[in-house]
Amino acid sequence: MMKVIWFSSLICFVIQCSGDSGPIICAGPIHSNKSADIPHLLGYSEKICQIDRLIHVSSWLRNHSQFQGYVGQRGGRSQVSYYPAENSYSRWSGLLSPCDADWLGMLVVKKAKGSDMIVPGPSYKGKVFFERPTFDGYVGWGCGSGKSRTESGELCSSDSGTSSGLLPSDRVLWIGDVACQPMTPIPEETFLELKSFSQSEFPDICKIDGIVFNQCEGESLPQPFDVAWMDVGHSHKIIMREHKTKWVQESSSKDFVCYKEGTGPCSESEEKTCKTSGSCRGDMQFCKVAGCEHGEEASEAKCRCSLVHKPGEVVVSYGGMRVRPKCYGFSRMMATLEVNQPEQRLGQCTGCHLECINGGVRLITLTSELKSATVCASHFCSSATSGKKSTEIQFHSGSLVGKTAIHVKGALVDGTEFTFEGSCMFPDGCDAVDCTFCREFLKNPQCYPAKKWLFIIIVILLGYAGLMLLTNVLKAIGIWGSWVIAPVKLMFAIIKKLMRTVSCLMRKLMDRGRQVIHEEIGENREGNQDDVRIEMARPRRVRHWMYSPVILTILAIGLAESCDEMVHADSKLVSCRQGSGNMKECVTTGRALLPAVNPGQEACLHFTAPGSPDSKCLKIKVKRINLKCKKSSSYFVPDARSRCTSVRRCRWAGDCQSGCPPHFTSNSFSDDWAGKMDRAGLGFSGCSDGCGGAACGCFNAAPSCIFWRKWVENPHGIIWKVSPCAAWVPSAVIELTMPSGEVRTFHPMSGIPTQVFKGVSVTYLGSDMEVSGLTDLCEIEELKSKKLALAPCNQAGMGVVGKVGEIQCSSEESARTIKKDGCIWNADLVGIELRVDDAVCYSKITSVEAVANYSAIPTTIGGLRFERSHDSQGKISGSPLDITAIRGSFSVNYRGLRLSLSEITATCTGEVTNVSGCYSCMTGAKVSIKLHSSKNSTAHVRCKGDETAFSVLEGVHSYTVSLSFDHAVVDEQCQLNCGGHESQVTLKGNLIFLDVPKFVDGSYMQTYHSTVPTGANIPSPTDWLNALFGNGLSRWILGVIGVLLGGLALFFMIMSLFKLGTKQVFRSRTKLA
């Protein structure tokens, strides 16, 4: 049967043969000399073309919508009819290219079992109408009894018909194309090597069509998987990701098509005669194979046979090996993917506990070894990696005093993440100083009532002894000097004498008389007397005891330095009305600027109302101060892998007509790639000349065409969110306590106000902190595992090679599929190297995984410790390893803040029971106050240098508050206002000076505010004088004089006793002698 179909400017000949099936030929119309041009979207051809075995017929039809013809293909555009009739489908494979149904004889096709689709569906019975390649074979499909295949070939409908004409859930799902050919067998060793390389390309696939591909601990449900493959005649197919193909031309009888000009295809018998008897005309290649008839007989009466412009036999290059497979294709299979077991998330650590040690803690984990841990005490933190069940973690030396809350966050080797809290009582006050005559002893003499006087006496005695030794040494040096200088003086005297003698002789020649001689003799005698006086001169004795009082007096004079401390602000913008009972209901509006305090401290905004003895406080307690990334535009980075493929076509075969087609551009796709890659993906195409001639498997000696394409893909779907940091700004974690007692935690970043809570909004104003090396850092987060890293990256829109962000996508979905309309890249990231038959690629892409592993959080960069943050303002927080100060304050805006104030004055009395801690330090001194109050109220303590406010409960209770002092000995009267009741309390106690905390390996601290005392001041001489003699200039003067005189008297007493002892010893020796 023969049909001729006209369409637009193309004419298509479709032949059905009883035996061998002929190809589809697309040629220009016979009535026109103009060649038919097909727009080069998938390929470029002219004059004579073939929709060959790997042409993706449906793709060709999709890009040539003007075509209205008959094609032996089960799918395609809706307006396409199908040929031959449906009752002949058993002979036509929609999977294989049209007119090559004889290839079915090369394959073993088994009947479908239990399902007629790749996805679950009903079981079909009846005739098979197309096949589907599976991982280990080929399966035929059909419609169930009482059903027939629809014209489109994609649905089965009931023969009796329904209202819709279709049956639900009967859609046949199939995607793919296959080319089959005679195979060159390969040994089992080569097959195993190909299999191993395939497994390395698909490490996350567990099973394919129910057959084990990789061993997995956990796997997903089966899901569609589109993949290129080749059948090499062994137990299963080899699936491939990155491979190359080349086509070699080997002519046979079915590679030629015979037709009569002006009529159409020759009949089967005529074509068979042409190919066997050589009685027809043909092109050079046909004549070489079958022979041709020569003569002037009209061309219309004879068949003309021409070589079909097809790619030839395919050779696949994969894993460094070249194979001529039985079948090569691209189709959909069902695969299960590896599913990793979810990691154990944050929880409690069974068998974990803390032990407090000097300067740190010991963390014990009984169930598993410790992998890593971060322990924070106050605003000092320390991190450690152990691998043991008992780990000692040290903080900054000398940083912790008194009762301190401990926060632990860590992970065990078995994967368990944990967090828990505890507390330690570190030595406080003078108990923290446990050495004698050491550095701490010199800074805190008040802690040594007896030892300090002993130390002073020893110092004075050593001072006097040193001065005596010094004067004696100077005296000895003077005597030694006179011995050395005497010969020099004698030499100068002799020289002087000789010069005078010469002068006298000159004068004798000029003067006459004995008078001149006598005068010269007299002058010489006077000179001799002067010389004698010079020689007899002796240095005066120096009284060494005069220097000690002078030096000690200079050392004792100094000035004390003071530091700013925590203060509170009072607001008078209050309007009140009488409430129920003895309460006033007040509403206040305003703004206040509070000094920012250090972690663990509070800043208070104190509210009072006229006529009410009561007061309320709004408190801001700082829990942490860190540096946070102020993000600029974020983008998404895929875990990209470079891919490339190439196909070599001989000259005048397929798309390679007269060389590389001019319409093949960077966005073009070869016909061989049509189903193997996403047309919307990010890539770059090209065409280059390859080898030609018989040595390269081509009929034509002209250079062949190597169509190549390089692209990137995300095989594992891993996506990284990259957030470049425009700046690193201070960020605080604060606990806001309202006057009503309600508490809310906020995470304000510098300059960004918090949400309004009960009419109150807080803005943290922290100064920028300049740290070198942080400007190019970016937060890098893997969206699935939540892995965090901090590393240099490209800014959004920039693609500098060598940094994270060479490929940037605008959304998570576009990064998963790497779409060209949602991602940008530099095509030079994937290099391509052309060879004789194919092209190979190499990657310059920076591995985000490798960078993230190297710079994983926690990490230390530029003197800062970066760790994971769990608040909304940034994923990562930075803390200085050593003391680093910033300036900051809190701007509090309150509008309509409600206060309930009592009009009854409380009866409140108390006393200070203890004063301990440190002075000129970050934590301040701890003052214990015992109060008795007749009702709940607010107490306000005001001392000379500091003040604080705290809540008081009804009854007798003890309270501990922080106050800052700048001297060691505290003895002063402070004002106590408790519920309107005024009284005085006396503070007495000794405070210690804590040295500036020193960095310990693994420790770091949160940023603190420089407006709060930091411990950077050293004790002045006045601190010593206060510790020794008490406060007051008169006490200092009398004390210093008394010490000097007492030391002098003690010194003479000791010297007298020493001389007396020496005399007694001398007398005893004399008597014995």
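Positions of Cβ are set from backbone N, Cα and C atoms, glycine also.
Taken from Swiss-Prot, the feature signal peptide applies to 1-19, supported by sequence analysis.
The feature disulfide bond is assigned by Swiss-Prot to CYS26-CYS49 (among others), with experimental evidence given as support.
Swiss-Prot lists CYS180-CYS327 (among others) with the feature disulfide bond, giving experimental evidence as the kind of evidence. DSSP gives CYS327 (disulfide bond) a strand state.
Secondary structure at CYS216 (disulfide bond), as computed by DSSP, is coil. The Cβ of CYS216 (disulfide bond) has 18 other Cβ atoms within 10 Å, all protein chains considered. Residues or ranges marked as disulfide bond in Swiss-Prot (evidence: experimental evidence): CYS206-CYS216 (among others).
Annotation comment: Swiss-Prot describes CYS258-CYS305 (among others) as disulfide bond. Its Cβ taken as reference, CYS258 (disulfide bond) is surrounded by 25 other Cβ atoms within 10 Å in the chains shown. CYS258 (disulfide bond) falls within a strand segment according to DSSP.
Just so you know, the Cβ of CYS274 (disulfide bond) picks up 26 other Cβ atoms within 10 Å once every protein chain is counted. Per Swiss-Prot, disulfide bond is recorded for CYS274-CYS280 (among others).
The feature transmembrane segment is assigned by Swiss-Prot to 454-474 (among others).
Here Swiss-Prot flags 475-535 (among others) as topological domain 'Cytoplasmic'. Averaged over the topological domain 'Cytoplasmic' (475-535), the predicted model reaches a pLDDT of 63.
The region 'Internal signal sequence for glycoprotein C' annotation in Swiss-Prot covers 536-562 and is backed by similarity to another entry.
Residues or ranges marked as disulfide bond by Swiss-Prot on the basis of experimental evidence: CYS563-CYS604 (among others). In the three-state DSSP assignment, the secondary structure recorded for CYS604 (disulfide bond) is strand. In this view, CYS604 (disulfide bond) is surrounded by 25 other Cβ atoms within 10 Å of its Cβ, with every protein chain counted.
Residues annotated as disulfide bond in Swiss-Prot: CYS629-CYS725 (among others). The number of other CB atoms found within 10 A of the CB of CYS629 (disulfide bond), across every protein chain shown, is 27.
Marked as disulfide bond by Swiss-Prot: CYS644-CYS841 (among others). The number of other Cβ atoms within 10 Å of the Cβ belonging to CYS644 (disulfide bond), over all protein chains shown, comes to 23.
The region 'Fusion loop' feature in Swiss-Prot is assigned to 650-656 (among others).
Swiss-Prot lists CYS656-CYS705 (among others) with the feature disulfide bond, giving experimental evidence as the kind of evidence. According to DSSP, CYS705 (disulfide bond) sits within a strand segment. Around the Cβ of CYS705 (disulfide bond), the number of neighbouring Cβ atoms within 10 Å comes to 27.
Sequence-distant contacts of CYS687 (disulfide bond), defined by Cβ-Cβ distance under 8 angstroms and a gap of at least six in the same chain, are CYS660, PRO661, PHE664, CYS705, ILE706, PHE707, TRP708. Per Swiss-Prot, disulfide bond is recorded for CYS660-CYS687 (among others), and the stated evidence type is experimental evidence.
Here the region 'Fusion loop' (691-705) has Cβ contacts under 8 Å with residues 246-251, 285, 307, 312, 648-653, 655-656, 659-660, 836-837 of the same chain, all six or more residues outside its ends. Sequence annotations record features per position, and here Swiss-Prot assigns region 'Fusion loop' to 691-705 (among others).
Among the disulfide-bonded residues CYS274, CYS604, CYS841, CYS978, the residue whose Cα lies closest in space to that of CYS656 (disulfide bond) is CYS841. Fewest Cβ neighbours within 10 Å among the disulfide-bonded residues CYS206, CYS280, CYS305: this applies to CYS206. Of CYS206, CYS216, CYS841, CYS908, all annotated as disulfide-bonded residues, the residue with the shortest Cα distance to CYS974 (disulfide bond) is CYS908. Taking the Cβ of CYS660 (disulfide bond) as centre and 10 Å as the limit, one finds 21 other Cβ atoms among all the protein chains shown. In sequence order, SER642, ARG643, CYS644, LYS710, VAL830, GLY831, ILE832, GLU833 are the residues of the chain that are 6 or more apart from CYS841 (disulfide bond) and have a CB within less than 8 Å of its CB. Counted with DSSP, the region 'Fusion loop' (650-656) comes out as 0 helix, 2 strand, 5 coil. Cβ neighbour counts within 10 Å, taken over all protein chains shown, single out CYS656 as the most crowded of the disulfide-bonded residues CYS656, CYS725, CYS908, CYS943, CYS978. If you check the disulfide-bonded residues CYS206, CYS216, CYS327, CYS604, CYS978 against CYS258 (disulfide bond), none has a Cα inside 10 Å of its Cα. Closest by Cα distance to CYS629 (disulfide bond), from the disulfide-bonded residues CYS280, CYS305, CYS327, CYS908, CYS978, is CYS978. In this structure, the disulfide-bonded residues under consideration are CYS327, CYS974, and the one with the smallest number of other Cβ atoms within 10 Å of its Cβ is CYS974.
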